[in-house]
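J.: Dropping the structure in here first, questions after.
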Amino acid sequence: MPDETLAADIDSACRLTGEFTLRSGQVADTYFDKYLFEAQPALLDRVATRMVDLLPEGTELLGGLELGGIPIATMVSAKTRLPALFVRKKAKEYGTAKLAEGPDFSGRRVTIIEDVITTGGAVRDATRALREGGAIVEVVVCAIDRSPEGENPLADVGLEVRAVLTRAQLDAAQSSTVE
Ligand SMILES: O=P(O)(O)OC[C@H]1O[C@H](OP(=O)(O)OP(=O)(O)O)[C@H](O)[C@@H]1O
Ligand SMILES: O=C(O)c1cc(=O)[nH]c(=O)[nH]1
């Protein structure tokens, strides 16, 4: 069943306005604070439910990206019973010294789970690292895709982006509630 009010509910939970420096160095007047929906179990559950439908067939592992992708991947993992991988930005410098925590992923089909995509930089870095470790990575499923409309920011690394919500959908939901 479609979740008709998801865009409006996510938008009102996590849209912030002001001046924000993004991960990429870009400066934006809008920021989607994903933790404001991830911290609410009902909203996190609704996003994860939509993600389950977007997972490509053959997914063997869910690669949640530090930090914001990890709670989402955990919720999708609980729903699907697919194991999760917790992918750090940088390998740990002691102990197991792993970049991706969880099961062995070499030769396995990993679908990346991310919170927000702006330029795709964080996903690109993780994709390269997982591929270097032998993973098959073809699709990223994200909660919010705020990259420029009509372009795939990850085409250069051959990654398909599947988004629960796009910036355009959030903007439309916002304008329909601000009258
Ligand atoms: O597509 P990009 O231009 O790379 O930007 C999006 C990335 O930036 C944020 O990461 P940040 O390091 O702020 O996030 P965290 O709070 O999840 O650690 C966000 O969670 C994405 O990972
Ligand atoms: O590009 C980013 O760093 C970014 C944008 C955004 O809207 N939300 C977020 O958590 N990160």
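Sequential numbering from 1, following the chain as shown.
Cβ from N, Cα, C; glycine included.
Just so you know, TrEMBL annotations are computer predictions that nobody has curated.
Here's the feature list from TrEMBL:
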BINDING   Arg23, Arg88, Lys89, Lys92, Glu114, Asp115, Val116, Ile117, Thr118, Thr119, Gly120, Gly121, Ala122  5-phospho-alpha-D-ribose 1-diphosphate binding site
DOMAIN    64-146  domain 'Phosphoribosyltransferase'
BINDING   Thr118, Arg146  orotate binding site
J.: Going by a 10 angstroms cut-off between Cβ atoms, which of the binding-site residues Arg23, Val116, Thr118, Gly120, Ala122 has the sparsest surroundings?
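T.: Selected from the binding-site residues Arg23, Val116, Thr118, Gly120, Ala122 on minimum Cβ neighbours within 10 Å: Arg23.
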J.: Out of Lys89, Glu114, which has the highest number of nearby Cβ atoms, where nearby means within 10 Å of its Cβ, if these are the binding-site residues?
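T.: Neighbour-count leader: Glu114.
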J.: Can you check what DSSP calls Glu114 (5-phospho-alpha-D-ribose 1-diphosphate binding site), collapsed to helix, strand or coil?
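T.: Note: Glu114 (5-phospho-alpha-D-ribose 1-diphosphate binding site) is in a strand by DSSP.
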J.: If one measures from the C-alpha of Lys89 (5-phospho-alpha-D-ribose 1-diphosphate binding site) to the C-alpha of Arg146 (orotate binding site), what distance in angstrom results, rounded to a whole number?
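T.: About 21 Å separates the two Cα atoms.
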J.: So the record assigns Arg23, Arg88, Lys89, Lys92, Glu114, Asp115, Val116, Ile117, Thr118, Thr119, Gly120, Gly121, Ala122 to 5-phospho-alpha-D-ribose 1-diphosphate. If I measure every Cα pair among those residues, what is the longest distance in angstrom, as a whole number?
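T.: So the maximum pairwise Cα distance among the 5-phospho-alpha-D-ribose 1-diphosphate binders is 26 Å.
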J.: Give me the CA-CA distance between Ala122 (5-phospho-alpha-D-ribose 1-diphosphate binding site) and Arg146 (orotate binding site), in Å, as a whole number.
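T.: A Cα-Cα distance of 14 Å.
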J.: May I ask which of the binding-site residues Arg23, Lys89, Val116, Ala122 have a CB within less than 6 Å of any atom of ligand 1, listed in sequence order?
T.: Arg23, Val116, Ala122
J.: Across the whole of the domain 'Phosphoribosyltransferase' (64-146), what does the mean pLDDT come to? Round it, please.
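T.: 98, rounded to a whole number.
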